[in-house]
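What TrEMBL says about this one:
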{"type": "DOMAIN", "residues": "40-126", "note": "domain 'Fibronectin type-III'"}
{"type": "DOMAIN", "residues": "127-213", "note": "domain 'Fibronectin type-III'"}
{"type": "DOMAIN", "residues": "214-300", "note": "domain 'Fibronectin type-III'"}
{"type": "DOMAIN", "residues": "301-385", "note": "domain 'Fibronectin type-III'"}
{"type": "DOMAIN", "residues": "386-478", "note": "domain 'Fibronectin type-III'"}
{"type": "DOMAIN", "residues": "566-654", "note": "domain 'Fibronectin type-III'"}
{"type": "DOMAIN", "residues": "742-826", "note": "domain 'Fibronectin type-III'"}
{"type": "DOMAIN", "residues": "827-913", "note": "domain 'Fibronectin type-III'"}
{"type": "DOMAIN", "residues": "998-1089", "note": "domain 'Fibronectin type-III'"}
{"type": "DOMAIN", "residues": "1176-1267", "note": "domain 'Fibronectin type-III'"}
{"type": "REGION", "residues": "1247-1269", "note": "region 'Disordered'"}
Amino acid sequence: MTISNLTAGVQYKINVTAVADDNHTDGQSTAVTQYTKPEVVCNLSVINITTSSVYVMWTEPKGNRSFYRVHWSNGSTNRRDSVTETKLNITELTAGVNYSFTVIAVAGDNQTESEMAQIFQHTRPGIIGNHHIVSQNTSSISVNWTSPPGEVFMYRLEWHNGGVLMTRYTNDTFAVLSELISGTKYTITVIAVAGDNETEGDPYTFTSFTRPELVRNLTVTNVTTSSVSVDWSEPEGNSSFYRVQWTDGQFNDTVDVSETSMTISNLTAGVQYEVIVTAVADDNHTDGQSTAVTQYTRPAKPGGITGQGTNSLSVSWTLPKGEVDHYVVTISNTILNYSITNITEATTANFTDLYPGRIYDIRVTAVAGNLNNTSDQASLATSPTPPGSIIISDRTNSSLLLKWAIPVLMEGAPDISYYITYHQSERSELQNKTSTVNSTELSLLFSGIRYNITVETVGPQNLRSTAVNYSTFTLPNPVLNIAAHPKSTTSIRVEWSYPLGAQSYYIYLITTYSTNASQTCLTSNNSKDIVGLKPGTRYNISVITRIEPGIESTEEQTFNYTLPKAVTNLTVSEVNTTAIRLTWVKQSDFKTSYSYLVIALQDAIEVQKNQTETETYTFFHLTPGELYTFYVFTVVEGVKSTRENTSSYTRPEAVSNIIAIGNTTTMSVSWTPAVGAVVSYTVLLYRDGQLVGNSTVLSNTTVTKVFQRLIPGVLYCVEVFTTSGSFESYSQRICNATLPNPPGPITVVSQTVKSINFTWPVPEGMDHNKYNFSVSTVNGSYLTENNWFLLDNLESGSPYNISVVTVGIYGYESTAVTAQNYTRPYPVTSLREEEITTNSVTLVWEQMQSKSHYSYEVQFTNGSFSSSKVVLNTTDKIIGLSSGSSYNFTVTTQTADGTRASPVTVSYYTRPHRIRLLKAETLNTTTVNLTWEVPLEDKSEYKYRIQTSGCGSQNKTIAENRAQISALTPGTECTFCVSVRAANGIEGEAECTSQYTKPETVQPSISSRGSNSSILVSWPKPSGKVEYYKVYLNGTSSAIEEKELNSTSTSFLFESLSAGRLYTARVISYSGPFNASSGSITNATFPNPPGSIEVLTKTTSSIEIRWEEAPLMTGASFVYKLTDTQSQGGRIFTTNTTSHTFASLLSGFSYNISIVTVGVMGFESERVHIYFVTTRPLSVESLVPRKAEENNITVTWKEPADYKGGYRYNLTWQGRDGPISNITSKTEYTIYNLDPGSLYSYNVTTETSDGTQSAPTSNSSCTSMIIRV
């Protein structure tokens, strides 16, 4: 029997027992166990195809199975593996080889197997090796490449220049790409294709350029001395730029330009250059054939034309730059009708037989090749001949009149003048003037000077002849300021100022006249003593300046007297305080014209002056006590004799307003000076009528006298008298007393916060019974005999002043003895720290009844070190301390004078230093390792406190200088602060650093969701934090797309993708400097559907169709899957072309045809349908005429072999008016209205219900003829 409805792959136990006729008596059972065959696996597919591996997947069969047996083979090598999963990654395959993959489900007995499921798949061809560009020209590129490892069926080459993609296939590793555009960049891709015509290797892409065509119409458009401008037409095809080279045969230069013209500058003038232009492609090195042109630069314009000569011109010029072949030099003078040309290769030319003093025009033309450049016209003149000899026709002390003869051969020469120069010496300034005639006057000259004179003929262009020289003097000026002075009783001194412009070679002629005689003498000086004259007599004198005889100045004159004789026996005869009388004897040669001049002088200053005819004179209104000097002269006509002199004092006046002021041991005496003058003062000091001190011969400027070492408190009297010469005058006597001595210095006996007890020594050198003390304080003034004083009811820490004076005779007080002392201040309170650092402690405190003058002594010690300082505020920062150490701080208030309060002491630790070089190293997503260097001045008792924030708060204290912080939040910036803690728990400044933990890796998924233009990449949010994501999508034929998303994103839809392509996605999570990349996952976009279907041909057994290719699928790997269906089922075909012929069809059947595009990963596009496409039916058989009559024929035929109920027949024949057809479902038809005895052709076509026709079946026959009898 057959047991059915069992479960596949399951072990069944079958028991068979024989049963008797009573239907219940059975025998012993016989059993057998057997597994049912597992079902065949479903949906066997291959994905993730690489060059050496494939990923085989299938769906579990219905029923049960134990495992799967997987076989794969490439025809020569067989391998197998057993797996329990529904997938297997098969590796170590050969690239580009077709493999068959068979999967068999195996039951639990390890031998019962299912039917096998089989699929064929090529591995992807390997990576193509390096390419080599064999050759390039303007329209083709020859390239070869290295075949990849493994097998390759063929290569597909794709190339484009940014436009239409061109494709060709080849079995070789060499190809020539032709019909290309010149100078164009082509992107060339070589793809290895496996034997299934669809599995492809990775594309190998490179670029290459065709060579540009040569440029056209290269011409020179402009030429200068330093540049050549060229232009050209663009070459056919493309080019990126043009490489322009130029050379003069020795030096080359090159420049790249993008325009079709260029001006080449900085060239050498007059040189032939070859200019070469080459089109260059976009890769900057593929160039076309070169085009060249030669051209001279224009020669430079000659310049700097010069020339000189009198009867000839030697012309020279310069060429500013460059080179020339030769020069053409032309000289001309239109007035003389003269012109001549010279050709030379040098830069000089000589022209002779010219006229002097004429202008000639010069032109120099530089010639280079076919180009020339003519200089600007230069006008050069010949030099003139010199004038004749110079003649002086007149001279003054400021001018010279000159004349000379006209120059030789210069008669009638135009524009002739004379250039005259003159100067005093070689070192003097040269002066000049011009004249158009042969004479001139030199004016404004210096007198008595030799002038060197030159005259030159000046011709055109200011050219001068050689000079004619002459030398002569102007007349000298007369002397100035002539004066005669009496020198003695027998001589007169004549003096004068040198004349204007006086010279060392001048001499002076002096003539002296009296009433009856004259005398003459010469000198080169400006003075002369005239001797041998008579006393008191008048003389006339003249002086003339002379250079040489005939060259003399005009005469200058003067006169004067000789000195008279002096008086004798001058004496002082009478004196008082304001007057003195003089007397003298007259001279031996006394004349009635004589008189006497008397003068009084005080300190060499004239104070009185008078004239008298007698031999006596009294001076009145003189100053008392003053020394006077007196002069007496004999005078005749204002001329004085030598003087006679004498001296005398007037009597002095007495002093007034005497004042005596005493101090403790001195007496200062002062007075008002006596009227007039005093030679000296004498001061006398008396006590009790006795002379106790004197001071004599004090200077006449002294108005005070201080007597020292006197007794304090004693009465003294003073007297002052004046002295001038032998004369004295006494004052009245005045009296005063000395001051008492002050007490000794004030000292403090004791101080409290409210009182001060003062004391002082008694004054020295005084009787205690003759004085008291006056004490002045803030509380008032007190008179006391005691030498102490208690000042109470005071404020703490405040200064108090006390003043004590001695009160002596007449109530005179001594100088005050003062003192300032302070009450004691209160001690500080609330002494505490305000801030503690590693090397400082800032203290603050409070002060009761604080005063602005308070200062505070701050002492600090740590047992081995002690220091102190004074501050003015109630706060202080003590610096320079050791970190992490204990210190005692003592503060003592003190007043301005150092009065101190009780000290107050506190103790504090300084802070430790901060750690150094804190480093944070991220270990993973939740752990950071911290390390640091110990602080400066490290101590064994130090500990470290680590505060973590920003990624979970943690606080821990350790003894080592490293720590590992775990349990942190992934992808988060954490802040770590490390503080050093000293023995008392005080902490140093925290050293902080920040570091991110690494973010977690996301697990993305990728799906095209049936779309042909988008792919969705999504992922679950990882634990911890992520600052942002970057999603990468890499297509097989497109650049990598990158999108940056914020931390809240968990998906991204990539749009505008190409249809039917594989895309690999990867998601990277970022936090700070770290990122974590997911694995790459691959999916594909669905392919685009093909275009509309068109039926091309139909036969009885085939249908040929064509369709538009799927759009935007160029470069994608895909095939078309075609299905034809009819009521009996359907078939599936694949193709990579856009046409297909369905064969082995049934005739006259209607088929539904659908096409889908099958892309990578087997993804299918939407279906495109064409419905009810019918194959042609078979033709009818045995078409024959059954009966023919005169006007009709009856035809009959057999049904076609594939006859179907819907068939009909189309009978066609030629009627009188054209073809006639008729549709019938029968196999016989009578054709009427025919002509008798005519031959008719007819055919029958089988036609399906949709109008599809078979091939026609044809025949012909005749109607019967009409027989007339």
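From the backbone N, Cα and C atoms, a Cβ is placed for every residue, glycine too.
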Find the average pLDDT over the domain 'Fibronectin type-III' (301-385) in the predicted model and report it. 91
What counts of helix, strand and coil residues does DSSP assign across the domain 'Fibronectin type-III' (742-826)? 6 helix, 40 strand, 39 coil
Secondary structure content, the region 'Disordered' (1247-1269) (per DSSP, counts of residues): 0 helix, 8 strand, 15 coil
Kindly report the helix/strand/coil residue split of the domain 'Fibronectin type-III' (386-478) according to DSSP, in that order. 3 helix, 41 strand, 49 coil
Per DSSP, the domain 'Fibronectin type-III' (827-913) contains 0 helix, 49 strand, 38 coil
